[in-house]
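Database features (TrEMBL):
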- 59-453: domain 'Major facilitator superfamily (MFS) profile' (DOMAIN)
- 60-81: transmembrane segment (TRANSMEM)
- 101-123: transmembrane segment (TRANSMEM)
- 130-147: transmembrane segment (TRANSMEM)
- 153-175: transmembrane segment (TRANSMEM)
- 187-207: transmembrane segment (TRANSMEM)
- 219-239: transmembrane segment (TRANSMEM)
- 260-285: transmembrane segment (TRANSMEM)
- 335-355: transmembrane segment (TRANSMEM)
- 361-384: transmembrane segment (TRANSMEM)
- 396-416: transmembrane segment (TRANSMEM)
- 422-445: transmembrane segment (TRANSMEM)
Amino acid sequence: MRPSQPKMSRSRSIASIQVLPVGQSGFGRGNDTELLTLNADLEPSRPLPLAETGETSAKAWITVVGAFLFLFPSYGLMQSIGTIQSHLELNQLSSYSSRDVGWIAGTFTSLAMFLGIQIGPMFDAYGPRVLGPIGCIIYIPTFFVLAECRVYWHFMLVLGVWGGTGAAILSMVGVGIVGKWFVRRRGLAMGIALCGSSLGGVVLPLTLRSLLPSLGWAWAMRSLAFLLAAVMVAGAACLQQSMPVVEAASENRRRKRVALNFMALTSGTFTFVTIGLFALEFAAFGVFSLLPTYATAANFPSDTGFGLVAVANAMSTAGRLLPGLAGDHFGHFNILLAMILVTAIFTGAILVPFGSSSLGALYAFSALWGFGSGSFISLTPVCMGKTCESEDYGRYFGTMYFFVSFSLLIASPLGGEMLQNFGTRALACLYMSVVVAGGIAFLLARQLLYGKRGLGIREKI
């Protein structure tokens, strides 16, 4: 017979109300209640970092700096992978189609998300001090070995598989630690951390634009490896234990926490958030990976892509910060839906009619897309956090990106195939339609979380 459950601590009760208001999700009387009960059974209550140290403590914000530095090389390269893809198409892999080269970029980005299904629970169990150094050890050699690659399978194995594995660990640690420390200010903290990916998305393509012509492929990759190593070592030094020190968990409890668990899908809110992010990530990473190829197909200069990607990532810094801050005050779902609507409108108004004929219009689209897609990446983890308890954030985040990773796998090769066969305008229409579909899914998730009739426009959700 199982012993009676200990009473839930006051700090955990507060966190449960803030993160997942049972009864407001649309499933509060059914599956979500059972899910909360199951989590309570598996994991004894623990005080959240908010109750232990406060979200304004120096230790909490030092972890944000560490997350910023970990997302610089991981998400930063994901958002500038198109510059490497374009270079390979014009040089080492010139005999392959855009679709074929796109599978390398797709494998890299999809593995970086796909492996989160296991890395997320491992992060919940062992924290950043274990996984952070492991990610650095895997990721740094990627670029030294990449310098020696010559044929297609070399690039697929080194950049796609090995690099994607390292990026998965780094990105999970970077995003997961913010979810552990912050509840009330999670939108702002997540936005600041994700600015690291924006900075990486600006610095990396501009660095390659300078190094590739002067040093060549091999030394450009080695120089990039030294730069990223310095950033990651500094990030690892900033990361602290993401939860207060508690008694050591039993081996049985650790095993339960690491085990794969898809029970999150019993929540309708979580399911629609995952569907919406599937669509938004397909469009976001598709655009970032194909912008240089798109510019070349439109007969713009071959180095135009470096500038387009840098502009988009520079503007995504504001897109991560400002909507995240606004979401803390007006509701994260509300701000995300507004950003999706605006992004769909300017995609249809600028990229579809003018993207292939006017370089100025293409730069304008890149800037606006960077701002809009930046909000997708910073707000969706916060919206997802409303479907779970803070201590389970890593597990839910990993489960969500397990499914989203499949959209990243096909985004670049599918977009490249459409670009070659149907042209630039058809590709622009595809991305606009996918953004609209993602918005519909997030609207449904918001309604389930609201749990009442009507849209509840004035509600902070």
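Backbone N, Cα and C atoms are what each Cβ position is placed from, and that goes for glycine too.
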Leading contact stretch, 60-81, 153-175, 219-239, 335-355, 361-384 vs the transmembrane segment (260-285) - CB distance under 8 Å: 361-384
Other parts of the chain folded back onto the transmembrane segment (187-207), taken as Cβ under 8 Å at six or more residues beyond its ends: 55, 60-61, 64, 67-80, 83, 174-175, 178-179, 181, 223-224, 227, 288, 305-306, 309-310, 312-314, 316-317, 319-325, 327-328, 332, 370, 374, 377-379, 381-382
Proximity verdict for the transmembrane segment (130-147) and the transmembrane segment (60-81), three or more C-beta pairs under 8 Å: yes
Contact set, same chain, for the transmembrane segment (335-355): CB under 8 Å, 6 or more residues outside the stretch: 280, 294, 298, 319, 323, 326-327, 361-362, 364-365, 368-369, 372-373, 375-376, 379-380, 383, 424-425, 428-429, 431-432, 435-436, 438-439, 442-443, 446
